[in-house]
Amino acid sequence: MQFFGLFGEHLSHSYSERIHSTFFDLIGMNAGYKHIELSPGELEAAIEGIRVLRFVGVNVTIPYKQTVMPYLDEITPEATRIGAVNTIKVKDGKLYGANTDYYGFGTMLASHGIAVENQTAMVLGFGGSAKAVVLYLLDNGINNIIIVSRKKGALADIPDDPRISLMSYDEIADISGDLIINTTPLGMFPDNIGISAVPLEVIRHFSAAVDLIYNPQETEFLRLAKSAGLKICNGLEMLVHQGIKSQEIWLERPFELTLNQEIYDKITQ
C-alpha cells in the first residue's frame with residue numbers, strides 16, 4: 001500500500017482526502033491519503049517523518065506553503081517563481097517541492113470559458129494561492145491586475161510588472177473590470193461562512209467571479225455575484241485539477257482530464 005497526505009493546520013473543511021480516495025478507487029490503486037493537522041512547531045518533524053516513513057508524497061496547504069520550502073532538497077523553477085509549494089514528492093530519500101496551484105487555476109478558467117487575455121482582473125488578497133493566480137494571469141496576457149489587500153504597504157513578493165497596481169478595500173468601490181477573484185479565507189467553512197470580502201456594489205462592476213474557496217461550494221461572495229448576473233466558479237474544480245496534477249508528479253504518469261471531471265462529479269453528488 002502506498003501512502004499520501006495533506007499537511008495543514010486546520011483541515012476539517014478540506015475535500016482533499018475525498019478527492020484522492022476517489023482517484024485511487026477509479027484507477028484501481030491500493031493507496032491511502034490522510035489529512036495531517038500540524039501546529040507550526042511540528043512541521044519540521046513531519047517533513048522528516050514522510051521521508052523516514054516512505055510516503056510517496058504530500059500536499060501542503062495554508063499556512064505552510066512558504067514555510068515548508070527551506071526543508072526541501074529541490075524545488076521546481078515554477079514553485080520557486082511562485083514562492084510557494086503545495087506538492088512534495090518523496091523519491092530516493094529526497095524531498096522535491098512543486099506547485100500545482102498555477103495549473104489548477106488555469107485549467108479551471110479554461111473549463112468555464114473565462115478569458116484572461118486583454119482583460120482586467122481584481123485579486124482580493126495576496127496569500128500563497130494568490131501568487132500563483134497573479135503569475136498565471138500575467139503569463140496569459142492580462143491587461144491589468146488590481147491586487148486588493150488590507151496590508152497594502154506590507155506586501156512582499158509582488159511581481160515587478162507595470163500591469164499590477166495595489167489598492168486597499170476602501171479605494172475600489174468604483175473600479176470596474178472583467179474578472180474578480182477571491183483568494184482570501186472570507187466565506188470559508190466553518191469560521192467565516194456567510195461573509196464576503198467585498199460587497200455587491202463592488203462585485204457588480206465585473207462580468208465573472210471566481211472564489212478559490214470550495215467549502216461551501218457557493219460562498220456569500222459567489223451568491224452575490226450570481227445575483228448580479230456574473231458567471232461564477234468556485235475553488236473545488238481547481239482543487240481537483242491541482243490534486244490530480246500532484247498525482248501525475250508523484251506517480252510519474254499523465255491522466256486524462258476526463259478523469260478529473262469524473263472525480264468532480266462523484267464528490268459533488
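The first residue you see is number 1, and the count goes up from there.
Even glycines carry a Cβ here, placed using N, Cα and C.
The model shown is predicted, which means the values in this text are computed figures rather than measured ones.
The domain 'Shikimate dehydrogenase substrate binding N-terminal' annotation in TrEMBL covers 6-88. Per TrEMBL, the feature shikimate binding site maps to S14, Y15, S16, T61, N86, D101, Y214, Q242. Residues or ranges marked as active site, proton acceptor in TrEMBL: K65. Marked as NADP(+) binding site by TrEMBL: L212, G235.
When secondary structure is read from DSSP and collapsed to three states, S16 (shikimate binding site) falls in the helix class. Reported as a whole number, the C-alpha separation between Y15 (shikimate binding site) and K65 (active site, proton acceptor) equals 18 Å. Taking H, G and I as helix, E and B as strand and the rest as coil, DSSP gives the domain 'Shikimate dehydrogenase substrate binding N-terminal' (6-88) the counts 34 helix, 18 strand, 31 coil. Of the chain residues outside the shikimate site list S14, Y15, S16, T61, N86, D101, Y214, Q242, L6, N59, G235, L239, G243 have their Cβ within 8 Å of the site's Cβ mean position. When secondary structure is read from DSSP and collapsed to three states, L212 (NADP(+) binding site) falls in the coil class. Scoring each of the binding-site residues (S16, T61, N86) by how many neighbouring Cβ atoms lie within 10 Å, the top position goes to N86. Largest Cα-to-Cα span within the shikimate-binding set S14, Y15, S16, T61, N86, D101, Y214, Q242: 17 Å. For the domain 'Shikimate dehydrogenase substrate binding N-terminal' (6-88), the mean pLDDT of the prediction comes to 97. Taking the binding-site residues Y15, Y214 in turn and counting surrounding C-beta atoms within 10 angstroms, the largest count is reached at Y214. A separation of roughly 14 Å, to the nearest angstrom, links the Cα atoms of S16 (shikimate binding site) and L212 (NADP(+) binding site). Among the binding-site residues S14, Q242, the residue whose Cβ has the fewest other Cβ atoms within 10 Å is S14. Distance from the CA of N86 (shikimate binding site) to the CA of K65 (active site, proton acceptor) is 6 Å. Across the structure, D101 (shikimate binding site) and G235 (NADP(+) binding site) place their CA atoms 11 angstrom apart.
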